[in-house]
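Right, one structure below, let's go through it.
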Amino acid sequence: MSYSCGLPNLSCRTSCSSRPCVPPSCHGCTLPGACNIPANVSNCNWFCEGSFNGSEKETMQFLNDRLASYLEKVRQLERDNAELENLIRERSQQQEPLVCASYQSYFKTIEELQQKILCTKSENARLVVQIDNAKLASDDFRTKYETELSLRQLVESDINGLRRILDELTLCRSDLEAQVESLKEELLCLKQNHEQEVNTLRCQLGGRLNVEVDAAPAVDLNQVLNETRSQYEALVETNRREVEQWFATQTEELNKQVVSSSEQLQSYQVEIIELRRTVNALEIELQAQHNLRDSLENTLTESEARYSSQLSQVQRLITNVESQLAEIRSDLERQNQEYQVLLDVRARLECEINTYRSLLESEDCKLPSNPCAITNACDKSTGPCISNPCGPRARCGPCNTFGY
């Protein structure tokens with residue numbers, strides 16, 4: 001906010017410079033508008049000629065108007081300054097608690113989110129460890145299953161080989177039984193043929209000859225055949241018993257192996273079913289944990305995006321407030337400088353008023369015609385007058401109030 005003091009022209013006019021006695025300091029006067037008033041013109045003329053030239057009333061009226069305008073501007077600036085201070089105080093009281101509260105809530109929310117993130121990370125690590133353990137267990141069970149499957153295949157191949165051997169032995173037994181039956185039939189046929197031939201010979205030779213021969217007794221063929229038959233039957237029976245005993249032993253062993261293999265196979269099948277159920281349950285749990293992790297990651301991403309946008313908004317708000325505060329500070333500094341300038345102007349005006357008041361009080365005195373008489377009159381307070389009447393004003397008492 002800028003203020004214009006409404007002063008007269010700030011530059012020195014030619015009204016001073018047109019006088020032959022005006023010093024160079026008049027062109028660089030420090031008081032705004034000091035060279036524009038008739039009093040300053042009469043000052044130059046007064047120091048040179050020692051008279052008022054009849055413009056005291058006009059000068060006093062002009063000075064009074066200037067003083068009133070300056071005082072009004074000073075009061076206006078003081079009121080504006082007070083209003084600005086109240087406005088700044090109200091804004092600071094309104095905004096500071098809001099910013100602090102919002103920061104505290106954001107910090108609490110960020111800490112809660114960080115705790116949730118840490119808990120989620122630990123839970124994910126625990127689930128990863130459980131998944132790794134389940135994978136190792138499933139690999140172990142898979143290895144056991146493959147081993148037992150290879151053992152089962154070996155046992156099944158052995159059973160198939162024993163079944164082939166059993167079939168061969170069964171065929172062998174049937175062949176031997178068929179051979180025994182054929183031998184029995186052949187033996188029976190031989191017996192019948194032999195009996196028929198013996199009977200035929202007996203019939204032919206029974207009534208014709210009666211020859212007695214002193215020789216060794218004849219061999220009984222029936223007895224020989226019976227002995228041979230009994231020997232063959234005993235041999236066949238022995239072979240049959242041995243084959244049956246061996247077959248029974250092998251069959252019993254195979255049955256035991258088949259029973260044990262079937263029991264192991266059933267136990268393996270039950271274990272495989274349980275392992276499949278466990279693997280399915282672990283896969284379902286793994287998929288659920290993956291979904292939970294994805295949802296948590298999405299939630300975390302959304303929360304980070306939301307809170308980052310909120311933080312950016314808060315940062316922008318803080319930046320705006322800081323820029324406003326900087327502008328307000330700069331305005332306050334500028335107004336303070338203007339206020340100091342106005343105070344200086346006021347002090348100089350008061351000094352000038354006091355000077356003119358002293359001049360008005362001493363206007364009844366007779367002024368001498370000597371140009372330096374007035375300076376000799378005020379020599380009591382300021383010292384001796386200088387030899388140059390048109391020198392710088394700082395050497396004269398009444399003009400020393402301008403601070404030159």
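A Cβ is built for glycine as well, from the same backbone N, Cα and C atoms used for every other residue.
Here is what Swiss-Prot says about this protein:
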REGION    1-56  region 'Head'
DOMAIN    56-367  domain 'IF rod'
REGION    57-91  region 'Coil 1A'
REGION    92-102  region 'Linker 1'
REGION    103-203  region 'Coil 1B'
REGION    204-219  region 'Linker 12'
REGION    220-363  region 'Coil 2'
SITE      A305  site 'Stutter'
REGION    364-404  region 'Tail'
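In the region 'Coil 1A' (57-91), helix, strand and coil residues by DSSP number 35 helix, 0 strand, 0 coil. Just so you know, the Cβ of A305 (site 'Stutter') picks up 10 other Cβ atoms within 10 Å once every protein chain is counted. Averaged over the region 'Coil 2' (220-363), the predicted model reaches a pLDDT of 85.
According to its DSSP assignment, A305 (site 'Stutter') is helical.
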